[in-house]
Amino acid sequence: MKVYNTLTNKKEEFLTLVPGEVKMYVCGPTVYNFFHIGNARTFVVFDTIRRYLEYRGYKVKFIQNFTDIDDKMIKRANEEGSTVKELGDRFIKEYYKDADDLNIERATKNPRATEFMEEIIKFVSDLIEKGYAYEIDGDVYFSTKKFNSYGKLSGQNLEELQLGARINIDERKKDPMDFAIWKSQKPGEPAWESPWGMGRPGWHIECSCMAYNLLGETIDIHAGGSDLSFPHHENEIAQSEARTGKQFAKYWLHSAFVNVNNQKMSKSLNNFFTAREILEKYDADVLRMFMLSGHYRTQINFSMELLDSTKAALDRLYNSINNLENLLDEVKNEELRDEELEYKNELQKYKEKYIEKMDDDFNTADAISVIFDLIRDVNTNVTIESSKELVKYTLDLIRELGNPLGILQESTKASLEEEIEKLIEERQKARKEKNWALADKIRDNLKERGIVLEDTPQGVRWKQI
């Protein structure tokens, strides 16, 4: 298996610190709002990578944090008249709802920065003691010049950065590029006791501390959105390696941006979408498949038209699954026949091709193409004459390959029944309101899909024809 390591800017053989085990840390959300589709792509991508590593037999310890103390959180809490803790509690709950709806597996642990205050203070103290940090008026700064390899992740040149940083310079700092790892309390802000007075941690130190305490001095994978590469991840490396003297993470993985209608997503352009807004209109499978239809290191363009195209493609896959589920009930031959054994073995080539694509830096776009090729083959060769064993095998294989991507796991029968019952309720409501046109439209639309409604004294019944 090969992964693209941002640290070296090349694909490398994936060799974990402990064979068969992966220690993985992903930067999670700052919990002051609902997460948007750009965040959603990051969460879906690294959920998929985690799932695939598990599919390949690795035991993955997956940590994704919540930043629950931060300038944005303080500002939002003040605006709405709540405490930072109340705000964090609320949006952590909302995060879980949206992540569950998006079929994102729960992390091994989701630590909150505020749970690690004692450990963060110890981390800062160690950096001061080792000469990598200094205190001024209750603020503590990390000295970037003391860390010789600063800039190695992002490829930034420290001298050039220093020139650029001389705008709005804090004269108290020894160097313009030094960054805060502990901030003294300002009026109205939450704060914790420390050797430097009341204050709170800087953002970068929070992740370094949580990764260190939950995964150890060196981890296998550190991941996040490409916008975090500098300064956040660069600063994490500096702090962590200055403290331990050891490599912080072997592999750095970064997912690319989502543009909206070929423009950068922003509230000012009125093209800002939360994941929740999209999930109200589209199933999780649609959004996941869309997010994975491009390589994770490549920017993707988001539009409702592209989502509709993804939905149409996914519907074709589910129609094939539905046909196979129906075949499973209808076929009469139970056991695999000799001539089917060869075909069953031939289908293994799709699994091998899928693994080949995913082993090449998690190429989900090509892996999805392999699933389409498999289904085209099955549509032609698995029929009413096939054995139950072969039909079941093909269904299981499709679901097996869909599982690491987090798609194609629903039973089409169960989802179809749920959808039809919902439409029947809407029709009943329309009839009660004497909206005959809408009631007839729902009935006719269902008929076009092969669903016939029967109005009986016991209620509405339906059947497929």
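The chain as shown is numbered from 1 upward.
Each residue, glycine too, has its Cβ placed from N, Cα and C.
Since this is a predicted model, take the numbers as computed values, not measurements.
What Swiss-Prot records for this protein:
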- CYS27, CYS207, HIS232, GLU236: Zn(2+) binding site (BINDING)
- 29-39: motif ''HIGH' region' (MOTIF)
- 264-268: motif ''KMSKS' region' (MOTIF)
- LYS267: ATP binding site (BINDING)
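Shown are the binding-site residues CYS27, CYS207; of these, the residue with the fewest other Cβ atoms within 10 Å is CYS27. Same-chain residues at least 6 positions away in sequence with a Cβ under 8 Å from that of GLU236 (Zn(2+) binding site) are, in sequence order, HIS204, CYS207, SER208, ALA211, HIS222, PHE248.
In the three-state DSSP assignment, the secondary structure recorded for HIS232 (Zn(2+) binding site) is helix. A helical conformation is recorded for CYS207 (Zn(2+) binding site) in the three-state DSSP classification. Other residues of the same chain near the Zn(2+) site, with their Cβ within 8 Å of the Cβ centroid of CYS27, CYS207, HIS232, GLU236, are TRP203, HIS204, GLU206, SER208, HIS222, GLY224, LEU228, HIS233, ASN235. This prediction places the mean pLDDT of the motif ''KMSKS' region' (264-268) at 72. In the motif ''HIGH' region' (29-39), helix, strand and coil residues by DSSP number 3 helix, 2 strand, 6 coil.
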